[in-house]
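Taken from TrEMBL, the feature domain 'DAMP1 SANT/Myb-like' applies to 120-199. As annotated by TrEMBL, domain 'DNA methyltransferase 1-associated 1' applies to 240-414. Sequence annotations record features per position, and here TrEMBL assigns region 'Disordered' to 254-305. Summarising the annotation, TrEMBL assigns compositional bias 'Basic and acidic residues' to 254-264. TrEMBL lists 268-285 with the feature compositional bias 'Polar residues'.
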């Protein structure tokens, strides 16, 4: 196009080389190589991320990390290894013996010639248990007549195996000489061994310094039987158990939901009662109640103190119902002592005050007997607090009736039993409950 413009304006055209076949092919080849090495950004990739993949020279990213970009030597592109001029340390095939063995066995391993230590480096890990010994006199005095089906030869063989195999009772039962000493199970070997250890410690007065282990063979047998039954369960039994666990979880969830709804309902009822009390305490309402009371004071029967006490006992007879953990899974015994969720904060505070009053440990060790006794004690404490509250309410009502009687019948008085007089000094307030 520039040549046409030059012809129109009558401008001299620049001398251009003649296009030949070789020059045309060379130009095509350069353009092809340029397009071949040109890298295109894949679709969906950001321009900044694509720029990180290539350098300014459009070199391909390295397959291995190099430090050439930081200017630190040749990096990993150096082909020749730099070997030191030091001599290689010599190794030799040397014999050694293990101090833990008593048969003077000799073994061989590679070690450095410069290493002059003759001790086996792993000899420090050779640790053996201390198996006690006994004399013939001690056996006749303490160990003979305790278990009838064990002789001294069998006991000696048992302790010899214990020293050889470091109390690995499974291996000891496997190496037990059945032809000379009869058949013995693992439980029988454990029972006899710990029985001898306990008797020897008592004879040597070592039971105070070191606690002896008491082995219960019947418990161990039952435990293994239960494990065997658990291991031999079929797939149907496992699925049935899982189904029962899921059903139990659903039942527990529904139970907690009902308890939550019951608590919400109790809160609503208490709020409604408080609102009613607030409305009844207005001056106009009190005047109307006084007039109404004067009209009906002679017609209403007086509530007796027996009825009040009976009602108080009926209110607090429930105590605390602790949860019974009967799930098939593993649970801590201390969960039995956890207070139920349906107990209000008022009962919890009253229980804490009663525990401090009677100086009871709030977190005793959770054995089976202590859990049961502690739960019963706290239930009785809650019942005691409710009975105290009911009694204080009864005394307050009796005082109110006394004043009403004296106001209605001037010159007359109502006698209160003397047994209730010391208690009313502390619990005459109407808001004690």
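Cβ atoms are placed via backbone N, Cα and C, with glycine included.
Here the compositional bias 'Basic and acidic residues' (254-264) has Cβ contacts under 8 Å with residues 341-342, 344 of the same chain, all six or more residues outside its ends.
Here the compositional bias 'Basic and acidic residues' (254-264) has, by DSSP, the following mix of helix, strand and coil residues: 11 helix, 0 strand, 0 coil. With helix defined as DSSP H, G or I and strand as E or B, the domain 'DAMP1 SANT/Myb-like' (120-199) counts 51 helix, 0 strand, 29 coil. Looking at the domain 'DNA methyltransferase 1-associated 1' (240-414) alone, the prediction's average pLDDT is 76.
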